[in-house]
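The active site, proton donor annotation in Swiss-Prot covers Glu187 and is backed by sequence analysis. The [4Fe-4S] cluster binding site annotation in Swiss-Prot covers Cys66, Cys157, Cys288. The (2E)-4-hydroxy-3-methylbut-2-enyl diphosphate binding site annotation in Swiss-Prot covers His96, His185, Thr250, Ser317, Ser318, Asn319, Ser380 and rests on sequence analysis. The dimethylallyl diphosphate binding site annotation in Swiss-Prot covers His96, His185, Ser317, Ser318, Asn319, Ser380. Marked as isopentenyl diphosphate binding site by Swiss-Prot on the basis of sequence analysis: His96, His185, Ser317, Ser318, Asn319, Ser380.
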Amino acid sequence: MDTQAFRRSLHHSDRYNRRGFDSPTKRAQALEEAYQSDLISSIRDNGFTYNKGRLNIKLAKAFGFCWGVERAVAMAYETRRHYPNENIWITNEIIHNPSVNDHLRKMNVKFISAKNGIKDFSLVSNGDVVILPAFGATVQEMKLLHEKGCHIIDTTCPWVSKVWHTVEKHKKHVFTSIIHGKFKHEETLATSSFAGKYLVVLDLEEANYISEYILGRGNRNEFMNKFAKACSDGFDPDKDLDRVGVANQTTMLKSETEEIGKVFEKTMLKKFGPENLNSHFLAFNTICDATEERQDAMFSLVDEDLDILVVIGGFNSSNTTHLQEIAITKNITSFHIDTPERISVEENSILHKPLGLDLELKNNFLPSGNINVGITSGASTPDKVVADVIEKLTVIAS
């Protein structure tokens, strides 16, 4: 499929909307009423610090809702107001935040069900309204919904769309897209649907493994078994890794994406020589500004004198998970929670998710004496949620 041509035609359809319905001023006011916090505003004004008794809280200098998330959430709410009586569906969680998604359910926005990773669009009918989430949707889903005669409200983050343009450029010039991401993640599924040949790479270890194969030091069967679910149909590592371009899931760790890009650039340089590098490697710039800002702020926060660190965000949120990884690299005791309800004031306990593990209950997690607590949150976490966490910590400390 010519994905560029399809997107152009979709954008000209009178059943497609990617701008929303409210003015920017009205949109900002609605979000402020729903999710902003006076406490968080005052903490920002106080140099991102908050002192209450024995508790000293230090907030990351960039955290919480990014503008892409704000835009998606606002457009979803606007859609219900604009279509008060129509069936409204959403193809996935609007963002990775349970409270926001629960609010949409209360507004009678229906979520497309999925079984074994396959979405069921059978209940979606002509004239229904369908919201595409901030992560985007696959081109196949867009085509299906367009053919069904649905009104499509596209809240895809522009940074995600930028990555789609990048992989389409790779396809046009017959380059394989190396996508730094998680192959099951909604954003990467969408991005790969716009690519030609592609290979999804999780981390630096996998990048180095592929590099070794490109340089002739690998086993084909082992390679294909390793990446069976992370590559395009008919992928041939002996042919499709001669010309590569790098792109990324926008929520991945910035420093790792850059390192992976360097691995493939050096590999192609070694195999084909400097005079042929541009024919075999395409440079990239698809790192999201908001992701970069939050990660940089987290690196600064973990350099502070902290006793514990609380990371707030959906458990399936990639950008939040990477913030937790930064804390772990500094050996700081950290707790990843998705809602304030994970903290029990009465028990001084926290039900948190260690990286890569199941939920775990930690009793007496807030120690006695003076304590320095670092706090950050993922790009899908409203300020009000962060404020509720701080208020619970304050009560425990008192």
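Glycine is treated like the rest: Cβ placed from N, Cα and C.
Where Swiss-Prot records a feature, it is marked here on the structure.
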| residue | record | DSSP class |
| --- | --- | --- |
| Cys66 | [4Fe-4S] cluster binding site | coil |
| Cys157 | [4Fe-4S] cluster binding site | coil |
| His185 | (2E)-4-hydroxy-3-methylbut-2-enyl diphosphate binding site | coil |
| Thr250 | (2E)-4-hydroxy-3-methylbut-2-enyl diphosphate binding site | coil |
| Cys288 | [4Fe-4S] cluster binding site | coil |
| Ser317 | (2E)-4-hydroxy-3-methylbut-2-enyl diphosphate binding site | coil |
| Ser380 | (2E)-4-hydroxy-3-methylbut-2-enyl diphosphate binding site | coil |
*Other residues with Cβ within 8 Å of the Cβ centroid of His96, His185, Thr250, Ser317, Ser318, Asn319, Ser380 at the (2E)-4-hydroxy-3-methylbut-2-enyl diphosphate site?*
Ile95, Phe135, Glu187, Thr251, Gly314, Asn316, Thr320, Thr321, Gly378, Ala379
*Chain-internal residues, separated by at least six, CB under 8 A from Ser380 ((2E)-4-hydroxy-3-methylbut-2-enyl diphosphate binding site)*: Phe65, Val69, Ile95, His96, Asn97, Val100, Gly313, Gly314, Ser317, Asn319, Thr320
*By Cα-Cα distance, the member of recorded positions His185, Glu187, Thr250, Ser318 nearest Cys288 ([4Fe-4S] cluster binding site)*: Thr250
_Return the count of C-beta atoms lying within 10 angstroms of the C-beta of Cys157 ([4Fe-4S] cluster binding site), excluding that atom itself._
25
*To test your reading of the [4Fe-4S] cluster site: which residues beyond Cys66, Cys157, Cys288, same chain only, put their Cβ within 8 Å of the Cβ centroid of those residues?*
Trp67, Gly68, Val69, Ala134, Pro158, Trp159, Val160, Thr250, Thr251, Asp289, Ala290, Thr291, Ala379
*asked:* Please report the Cα separation of Cys157 ([4Fe-4S] cluster binding site) and Thr250 ((2E)-4-hydroxy-3-methylbut-2-enyl diphosphate binding site) in Å, rounded to an integer.
replied: 10
*Go through His96, His185, the listed binding-site residues, and name the one with the sparsest Cβ surroundings, counting other Cβ atoms within 10 Å.*
His185
_Protein Cβ atoms within 10 Å of Thr250 ((2E)-4-hydroxy-3-methylbut-2-enyl diphosphate binding site), excluding its own_ = 30
